[in-house]
Amino acid sequence: MADLSDFAPGPLPRDARVYVAGHRGLVGSAVWRNLEREGFTNLVGRSSSELDLRDRAEVDGFFEHERPDVVIDAAAKVGGIVANSTYPADFLSDNLRIQTNILDAAARTGTTRLLFLGSSCIYPRLADQPISEDSLLTGALEPTNDAYAIAKIAGIIHVQALRRQFGVHYISAMPTNLYGPGDNFHPKNSHVIPGMVRRFHEARVSGAPTVTCWGSGRPLREFLFVDDLASACLFLLENYDGPETVNVGVGDDLSIRDLASTVAAVVGYEGSIEWDSSKPDGTPRKLLDVSRINSLGWSASTGLSDGLTAMYEWYLAHLDEARG
Ligand SMILES: NC(=O)C1=CN([C@@H]2O[C@H](COP(=O)(O)OP(=O)(O)OC[C@H]3O[C@@H](n4cnc5c(N)ncnc54)[C@H](OP(=O)(O)O)[C@@H]3O)[C@@H](O)[C@H]2O)C=CC1
Ligand SMILES: C[C@H]1O[C@H](OP(=O)(O)OP(=O)(O)OC[C@H]2O[C@@H](n3cnc4c(=O)[nH]c(N)nc43)[C@H](O)[C@@H]2O)[C@@H](O)[C@@H](O)C1=O
């Protein structure tokens, strides 16, 4: 294994020991697939039942034993707008513990490269659009996910602090809203795209004349296909070594109302769509400025309709698994 203690842009050795935290989740499974495709031969993963990342002693023991060279942290308590507003204490506490345990253990046991994943909800609710990385900590957060956002902001600062104190090559990236194969299709706790895919699919199959979606349909959101994020993760580990976080998105957005029509078309649902205004809208707009990652040489490659089609094919092939 080559010495990775000095950063130089370029391919990581394919025999580097890479720990993908959260390797069974939406992001972690895509990262794992991409690393295998790229020829990595020494991957490490643990499910939450094998290793509870909230438990500091367990995490210390795991790192002492496995001593990964590279860590991609895609483990977190994750959910859509309703899950975030219903369980804020869990989103704050679980995520602070998971990321703190991983970051401290990695630095202590000699992990040389690490990528921490946050989320675009770390930025102020009314940040200027598109949202640049410099908007961090310049205004009040969106209340439906402030607890989760504060945990993720702590992760960014923790990465910066470890770089300053120990000189490690750890970085962070902030993805926009994601979707893809292996998503969470829970009817209440999921994000908007898997929630809609499931609802429109079930309505088409049952012949229901109406599907009800949440909120006003007016908020604007940007959506990144998860395999594109997986390629960005490897790209950043191989090409970026700075304290500032890096946004990962596609650079354009659409209204939730237009998203609903697009998902309905992909699924083949032809009934009407109604809106439940008792459900929260969340932040009015969340479009990332992706010029930093674009100027480094990476951009997203999967369009929304292609990504949704691939996701729906996966859903149809994994109906039992997807319904939990
Ligand atoms: N989905 C999205 O739209 C977005 C996600 N992100 C970020 O991407 C990352 C991954 O999210 P995503 O893949 O969607 O989430 P998922 O819920 O699909 O996956 C999360 C993973 O974390 C693991 N995990 C959770 N709690 C624990 C624990 N206590 N101990 C060990 N492992 C645990 C789970 O393991 P297991 O399956 O074994 O239980 C699971 O594999 C997160 O940091 C998230 O904030 C950022 C922006 C948007
Ligand atoms: C990734 C991101 O995810 C969350 O923030 P969010 O962007 O608000 O994400 P969401 O996907 O849940 O909703 C987007 C919009 O869509 C509307 N909407 C319509 N119908 C459904 C629906 O069926 N399900 C859901 N979930 N939303 C729906 C919904 O009312 C909202 O206006 C945060 O937890 C945050 O922490 C975070 O990081």
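Glycine is no exception: its Cβ is also placed from the backbone N, Cα and C atoms.
Features as listed in TrEMBL:
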- 18-249: domain 'NAD-dependent epimerase/dehydratase' (DOMAIN)
- 22-28, 117-120, Lys152, 175-178, His191: NADP(+) binding site (BINDING)
- Ser119: site 'Important for catalytic activity' (SITE)
- Cys121: site 'Important for catalytic activity' (SITE)
- Tyr148: active site, proton donor/acceptor (ACT_SITE)
- Arg199, Trp214, Arg221, Asp281: substrate binding site (BINDING)
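Under DSSP, Trp214 (substrate binding site) is assigned to a strand (E or B) in the three-state scheme. Here the residue listed as 'active site, proton donor/acceptor' is positioned 17 angstrom away from Gly22 (NADP(+) binding site), judged by their C-alpha atoms. For the pair formed by Arg199 (substrate binding site) and Leu178 (NADP(+) binding site), distance between Cα atoms is given as 18 Å, rounded to the nearest Å. Taken as a whole, the domain 'NAD-dependent epimerase/dehydratase' (18-249) shows an average pLDDT of 98 in this prediction. Ser119 (NADP(+) binding site) sits 9 Å from Tyr148 (active site, proton donor/acceptor), taking the CA atoms of both as reference points. Close to ligand 1, meaning a Cβ under 6 Å from one of its atoms, are these of the binding-site residues Gly22, Gly25, Gly28, Ser119, Pro175, Arg221: Gly22, Gly25, Gly28, Ser119, Pro175. Here the candidates are the recorded positions Cys121, Trp214, Asp281, and by Cα distance the one nearest Pro175 (NADP(+) binding site) turns out to be Cys121. Within the same chain, residues at least 6 positions away in sequence whose Cβ sits under 8 Å from that of Cys121 (site 'Important for catalytic activity') are Leu141, Glu142, Asn145, Tyr148, Ala149, Lys152, Thr283, Lys286. For the binding-site residues Arg199, Arg221, the largest tally of other C-beta atoms within 10 A is found at Arg199. Note on proximity: of the binding-site residues Gly25, Gly28, Leu178, the one nearest Arg221 (substrate binding site) is Leu178, by Cα distance.
A Cβ distance below 6 Å to any atom of ligand 2 is met, among the recorded positions Gly22, Ser119, Tyr148, Leu178, Trp214, Asp281, by Ser119, Tyr148, Trp214, Asp281. Maximum C-alpha to C-alpha distance over the listed substrate-binding residues Arg199, Trp214, Arg221, Asp281 is 19 Å. For Leu178 (NADP(+) binding site), the count of additional Cβ atoms within 10 Å of its Cβ stands at 24 [all protein chains shown].
Among the recorded positions Tyr148, Trp214, the residue whose Cβ has the fewest other Cβ atoms within 10 Å is Trp214. Each of the binding-site residues Gly22, Gly25 was scored by the other Cβ atoms within 10 Å of its Cβ; the lowest score goes to Gly25.
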